[in-house]
Amino acid sequence: MRNVLRLLFLTAFVAIGSLAAVLGVDYGQQNIKAIVVSPQAPLELVLTPEAKRKEISGLSIKRLPGYGKDDPNGIERIYGSAVGSLATRFPQNTLLHLKPLLGKSLEDETTVTLYSKQHPGLEMVSTNRSTIAFLVDNVEYPLEELVAMNVQEIANRANSLLKDRDARTEDFVNKMSFTIPDFFDQHQRKALLDASSITTGIEETYLVSEGMSVAVNFVLKQRQFPPGEQQHYIVYDMGSGSIKASMFSILQPEDTTQPVTIEFEGYGYNPHLGGAKFTMDIGSLIENKFLETHPAIRTDELHANPKALAKINQAAEKAKLILSANSEASINIESLINDIDFRTSITRQEFEEFIADSLLDIVKPINDAVTKQFGGYGTNLPEINGVILAGGSSRIPIVQDQLIKLVSEEKVLRNVNADESAVNGVVMRGIKLSNSFKTKPLNVVDRSVNTYSFKLSNESELYDVFTRGSAYPNKTSILTNTTDSIPNNFTIDLFENGKLFETITVNSGAIKNSYSSDKCSSGVAYNITFDLSSDRLFSIQEVNCICQSENDIGNSKQIKNKGSRLAFTSEDVEIKRLSPSERSRLHEHIKLLDKQDKERFQFQENLNVLESNLYDARNLLMDDEVMQNGPKSQVEELSEMVKVYLDWLEDASFDTDPEDIVSRIREIGILKKKIELYMDSAKEPLNSQQFKGMLEEGHKLLQAIETHKNTVEEFLSQFETEFADTIDNVREEFKKIKQPAYVSKALSTWEETLTSFKNSISEIEKFLAKNLFGEDLREHLFEIKLQFDMYRTKLEEKLRLIKSGDESRLNEIKKLHLRNFRLQKRKEEKLKRKLEQEKSRNNNETESTVINSADDKTTIVNDKTTESNPSSEEDILHDEL
């Protein structure tokens, strides 16, 4: 499926912006999936550090040993599969499945109680905004910050992926789109947007309906629909925390060059029934069996032990997955409580009997979506073309059985990847909403599942602005009833499904004098502009005061309107959003933790490299051949180094200077390499004959360097002669030509390398002159050869770059000559044309004079005058007289 989408994307891919990438995130309660799209990575799934396709939703926060309780450097965050195992050992530090708590307060007993049961041991507190925070090791973490940490870690991996694709790329994630349930209210939506706003690098965030994400993916994958025939599908999405049934119509116009239209038609949901509920049911079965087997353990005692409950929940989750494919699951929990190991089994039949009361609830959202369609839609269940399965829990056998009973087996569509359809769809919608790239066009009609209303402070009646089923994004203006007086301030309350969530205070006092009853004889009204954004946030964009006055003109009356825009402020009711200062503080805190995590990871990685190198070095030293024939001084030095550094490793802590570790890695590596090279050279004679050969090679290389210098000098001298008319100073132009950065960097140490090479040649000459050869000097001779080989290799590489660079610069001089030569030619030709034009103009003037003279002669002859060449106008007049 993903290959099909990638093909569609590639064929339509056109970058609108640059250096940007879109990250689509399917933010689930239990798992998170992400896809990044950029010019370097069309539809690339962001894998976890363990190369898995989905990420555990949550993280663990621990305090490192050796740090004070208030030391900000002592915090370690763990993500990925390791978090699952930490939940049973450190339940009070493991923060999982946070999605249902977004935009909630501790007053929401149903949500909070259910979460506490699923995640025992965590301490929840209320913030000053009435939202939920977790207290971990006496540090308070607002829910938005925890979600942002999770998202930031994924965005960082996406950026690393782009860098791995092309090290030269400057693409980075700056836009993000999230899946979100349609039943999420204003507070929940704002909380998710706030979480995204405190991440680093994310400039724009978009919220996309989970159902619409799957529908978009389905259309792009299906590709072909009967032209002119409207089809109806239901996306049945059963995830970990909820069930959603989204009804859509899909229409391919008869003109198949026109885009497909996807329209949201109906919705049903259950916010608490999902995979997590089934996990808790299996956990209850395990708990009951344990208490029956161990009557000495009381229920209260078991429930007071967070680790025991976490182990039961973990075993229940594994059993649920096994029962999806098998009829029985074995349970094995070590040291459940009081060092008691517990073993039992759960059958699928036991599980299905236990949840029998929930069976009707499984399909109720589908019935609700059909019976509560928006507007005038009236599609019946038998007319549905198919039910598209999404969400991991839709694979549970009892769930599929209920769906088949409701709509028949052939209408249950399994050709969509239940795990990844939403993330594929949300990234495509994110691309469209952000206008980042051009893709296959789709007409998407999204509708609100809630009704949005307002109430003025002096009235009791609610006025609907956007009713259930209204398409969005949408904007509308409403003119209020006329009033005779203007208060200093008045309020507008905003409601979602009749529940107050925000109060707008309008400052009208500033215009009271301008809108008095004398000036507005017909009264004053307010024109309020409401907006339902693409994120389905309901807000007021503008409030205008309208003055209505009556002017008598004869027997008729003309109404004259004039308006002023009023300032207003907004305040969340009950649950409040993060303030700008809180956003800034949390953003900086996450940046600090990211920096510390990166440094800690690099530190630990370097420690591991050092430890590995030390053990490799020790193994080398224990080799019989090295012990007998190795370079004794270097073997002794490395042996002592290994012993000292291994002892040093025992005491290394995060306070250790990272440079010390890198320095030790380098020292071990250099010495180990020398010994290995020495052993590899065991068959080399290292005698005078070999050194004479080395000396000859060295002189040849120095001669090659000198020859190249002379060649360049000859060319420059030749150019000075040949290009004297076009280039004033050839040598100066040659020096001015810049070489590539990598060449300049490599040649910055040319003189140093050349000097070291000459010194090694001098050392060879000294040994040859004194005939210092023999087994007792073998180590020293090898060291000389090693130095010679190293500097020769470096010098040869640098000479190659010099030759290439000089050749390029000489070619540039030739090009400069040609450019200047052509420029001179153009100037000469231009001057020549100018001279020719002037000459031509002069010739024309001469010819004109001759013609005029001939005319004069004719006139004179006709007048019978003898003067053939009058010298002045005065003479001509005189003759005429």
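Glycine residues also receive a Cβ, built from the backbone N, Cα and C atoms like all the rest.
Under the heading compositional bias 'Basic and acidic residues', Swiss-Prot lists 833-844.
Taken from Swiss-Prot, the feature compositional bias 'Acidic residues' applies to 872-881.
According to Swiss-Prot, the N-linked glycosylation site annotation covers Asn128 (among others), on the basis of sequence analysis. Around Asn128 (N-linked glycosylation site), no same-chain residue at least 6 positions away in sequence has a Cβ under 8 Å from its Cβ.
All chains included, 11 other C-beta atoms sit within 10 angstroms of the C-beta of Asn458 (N-linked glycosylation site). Under DSSP, Asn458 (N-linked glycosylation site) is assigned to coil, being neither helix nor strand in the three-state scheme. Marked as N-linked glycosylation site by Swiss-Prot: Asn458 (among others).
The feature N-linked glycosylation site is assigned by Swiss-Prot to Asn474 (among others), with sequence analysis given as support. Secondary structure from DSSP puts Asn474 (N-linked glycosylation site) in a beta strand. Taking the Cβ of Asn474 (N-linked glycosylation site) as centre and 10 Å as the limit, one finds 19 other Cβ atoms among all the protein chains shown.
The N-linked glycosylation site annotation in Swiss-Prot covers Asn481 (among others) and is backed by sequence analysis. Look at Asn481 (N-linked glycosylation site): DSSP puts it in coil.
A C-beta separation below 8 Å, combined with a sequence spacing of at least six in one chain, links Asn489 (N-linked glycosylation site) to Thr505, Val506, Asn507, Ser508, Gly509. The N-linked glycosylation site annotation in Swiss-Prot covers Asn489 (among others).
Sequence-distant contacts (6 or more apart, same chain, Cβ under 8 Å) of Asn527 (N-linked glycosylation site) comprise Ser477, Ile478, Leu479, Thr480, Glu542, Val543, Asn544, Ile546, Gly563. Among the features that Swiss-Prot reports, N-linked glycosylation site is placed at Asn527 (among others), with the record citing sequence analysis.
Here Swiss-Prot flags Asn844 (among others) as N-linked glycosylation site. Of all the Cβ atoms in the protein chains shown, 10 others lie within 10 Å of the Cβ of Asn844 (N-linked glycosylation site). A helical conformation is recorded for Asn844 (N-linked glycosylation site) in the three-state DSSP classification.
Taken from Swiss-Prot, the feature region 'Disordered' applies to 833-881.
Mean model confidence for the motif 'Prevents secretion from ER' (878-881) is a pLDDT of 29. Per Swiss-Prot, the feature motif 'Prevents secretion from ER' maps to 878-881; the stated evidence is sequence analysis.
The Cβ of Asn481 (N-linked glycosylation site) lies under 8 Å from the Cβ of Ala525, each of these being in the same chain and 6 or more residues away along the sequence. Annotated pair Asn844 (N-linked glycosylation site) and Asn474 (N-linked glycosylation site), C-alpha to C-alpha distance, rounded: 76 Å. Asn458 (N-linked glycosylation site) and Asn474 (N-linked glycosylation site) have their C-alpha atoms 27 Å apart, to the nearest angstrom.
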